[in-house]
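TrEMBL annotations:
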{"type": "BINDING", "residues": "Gly400, Pro401, Ser402, Gly403, Ser404, Gly405, Lys406, Thr407", "note": "ATP binding site"}
{"type": "DOMAIN", "residues": "382-587", "note": "domain 'FtsK'"}
Amino acid sequence: MGKAERRRRANAALATLRTVLGRALGAAAAARTAAEADRARAEFEHSVHSMGFGAAARSKDIRARVDADPVLREVWQRLEAERDRSYTEWNTAVLPQVRALVADAAPGAAGAEGHDWLRVPGTGGEPPRLWRVGRAAVEHAADEFPLAVPLLGHGHLRINSTHGARAAVDAIVETLLARMLATLAPGQLRIHIWDIGHLTGPLPNLHPLSAERLLTVHDPTLLGDLLATLAGHIRRAHDSALRDGRRTAHGPGDPWRVTVLFGNGERLPDELTHELSRVARTGPDAGVHLVLVDVPVSVNSPLETITFTGPDVATSSMTGRGVVVRPDPPLPAAEVAALASGVHERVRAFRGGPRSFADLLAPAPRHFARDELRTPIGFAEGEPVEVVLGDATPHALIAGPSGSGKTNFLYALIGGLASRYSPMELELYLLDFKEGVSFAGLTPGSKDPSFLPQARLVGVNVNTDREFGLALLRFLTAELARRAEAAKRHEVTKLAELREADPDGHWPRIVAVIDEFQALFSGRDRITQQAAALLEDVARRGRSQGIHLVLASQDIAGIEAFWGKPAVFEQCTLRIAMPKAKRVLAEQNLAAMSLPRWHVVVNHDSGVGHGNEVAHVPDASSRGTFDLLQRDLHAALPTAPPRLFDGAHQPDLVHAADFATPSGPLLGQIIDVNDRAAILRLEAAPGRNLAVLGTAVADAFAVLESAALSLARMHVPGDCDFSVWCPVPALARRAEGLAERLRTMGHDVDLRLDDSIARLTPATAERPRYVIFPCVDGAHRWLEAKEPPSMTSGLDRLRALLRDGPAHRVHVLGWWRGVARLKDTMGFGGFDDIGAWVALDVQGSELTTLAAGQVVDWSPRPQRAIFFDRTTHTHPDVLIPFDTSSALDIPKVVDTA
Ligand SMILES: Nc1ncnc2c1ncn2[C@@H]1O[C@H](COP(=O)(O)OP(=O)(O)OP(=O)(O)O)[C@@H](O)[C@H]1O
């Protein structure tokens, strides 16, 4: 092929290509033109839709575009035709359906027009599905239809206002709530209002409801607390649904809670937004619903929105943009207030006035404590608020300043429990470190012989006797050990299982109440250390063994001993805060600060905000409350009376349990949970003498007299002998009194009040001899004289008597006015022959040499002593000398030393 031919072919191919390309490009341009036209049509259609046809028809811009562009005119005509077609269909078929649907779903006061429906409070029944808020109409259509929104049992409502629309917004909210009041049974609606812009005053016509706490207006600064309260309510509703085996948390008969939040259109802080979303998500199932006015928040639960576009026009998410919503006009204020008052009156009549102590009580103590102890302690909005002591909340911590009602709360708690659980199910150990006798009434008194059958021990006036608190804690740890041992035997781990495995055993739950328990830790000493360790142990292990602590205090922050022992606080998951209580709730939880008088925050979640339940506690401590319950229970439940330990009362020797049949000389009452005396062992063995030390005359005599009188009672007359030697003339009367009493009991008494004391008595005897020797050091002036020919002194003979006598059953029970004086008597021989001692007003540091070198932690206090027996004690026992006057048959002697 020639060159020319090749060029021609190439040109032809190029021409063809050009033609093809030209065609293709032309087609593309046409297609593009068509696509652009379609897009313009679609965009136009979209903007008409989104403006709404009515608004578009009024829009100059749209009109101009329609006039200018035939394509758009075509679209406009089509849309117009479509609208006319759908209006016809809407008017003839859909509108009647909508009306019927609203009438059906919002019956009676829920959907009625006008305001006749306002006249009477509701009567209850299944709540309507929809609630009327206003009227709606499709643009350009004359026919209106009622607009109603779903709420109770369904979801929430959001209202977005605009400038000038607040009155209409308030009217919607008020009407909605009024419809509910006129529909639901009185008391079935609880309203919470929070308004960021107002301290008081939102929805004033509904305020009559606040008297019965059917309506609560919350502090604008405390939205967190309100949300925490709602969250707590939701959680408890779920808990009780679980317990009752219900599928929905909102149980039949439970009130509905509608919370109206008036915001200002600004976002809430993240933390509150988060909490609000949580309440919104979980609320509807538990009967908690929100009406959010100008609160921008996205919620993950059913929510309808009404958005105001002008002072009294709005759109709604129910109806879409093309429908104009007009809220119903405001209701007549007086009629709304009358309805609110009517509801309030009915609730008040139904509740029978404010709830009282009697309303806390069960008709009979028939509850089982196998799994837990549960009782109401007060009321919130007329409903009981319960306290639970069980596996999840084994122990309680109660705090509040003086006079805030802690003791009254304890009475409400104890009363509630005692009316439900019999002594087989519940045992109470009650200790009050306050001055005063707050629990004394629970024991038999001279005026009222009744006592609380569940009480096993009552300790009052123990403020200076911290040892008694320690003794209670020791008793509880011993009981823990006993229960743990039984559980092990039955191969179980907790009380509920033990009760099942051992149905005939006596395994009640034990509640130990310690009022002002911080007193236990008031010194930097061994008692504080031991108390903190024991309390921690009981707190840790008590949970599974059904031993519960209820600890009340004015000031928890001040308990230094706990700073290193957080376990006690951690285990006290039940927290009770009285008004203005500090540190008992979690740090961020300020609910106690705003509590009204006689209210408490009950919190089963270690004080974290969402656990808050605010309750009014009825008066449980005035006459005619707890005392009446106690009398009834006492009559119905025969049990032994509780032991009363009264630190202000000197125990009478005659009434001491161990004095009835003494097993040895009684020295005093030991500060202990059990009613027991300190008894000296006086077997025939070296060292079995007693030294009483100190200057407190009455107490020293009381110890010696108690010992002598109990020995006299222990022996049949003629079976033993007594020596009573008293070298101090001023005390002779008392020694004579003792000798006289011993003689009337049939015993032989060698009474000496002069220098004949120095002759002493033989260190051997055929039968026991007890030498009662007050004020030994007072006899030194006679004892020190050396007598010819042997030149031995009375002191030498006394030392020999102390050394040799006990093995031959001659025991000296002497009193020295101090350790140094005892030392003078004993000489270089040391204290080996003094096997036991009772120290009165002697500092602990002076007693070290007498206690085998160990440090004795003792600060003397009136009418208290410590007793140490080298053969039996590791630590001294604290004891209270007995009042011996009735045993001696003499008037009570007052210490004049
Ligand atoms: N819920 C209540 N209703 C009526 N009166 C109450 C209530 N709670 C307490 N009171 C009264 O208030 C007074 C103080 O109460 P309570 O003794 O219980 O306070 P407290 O916190 O234990 O004070 P303190 O620590 O000083 O003993 C008592 O006279 C009591 O009767």
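The backbone N, Cα and C atoms fix where each Cβ goes, glycine too.
For Thr407 (ATP binding site), the Cβ neighbour count at a 10 Å cut-off comes to 21, with all displayed protein chains included.
Taking the mean position of the Cβ atoms of Gly400, Pro401, Ser402, Gly403, Ser404, Gly405, Lys406, Thr407 as the ATP site, the remaining same-chain residues with a Cβ inside 8 Å of that point are Gln554, Met578. Among the listed binding-site residues, namely Gly400, Pro401, Gly403, Gly405, the Cβ with the most fellow Cβ atoms inside 10 Å is that of Gly400. DSSP assigns Thr407 (ATP binding site) to a helical segment in the three-state reduction.
A sphere of 10 angstroms centred on the C-beta of Lys406 (ATP binding site) encloses 24 other C-beta atoms. Neighbour counts of Cβ atoms within 10 Å were compared across the binding-site residues Ser402, Ser404; the minimum falls on Ser402.
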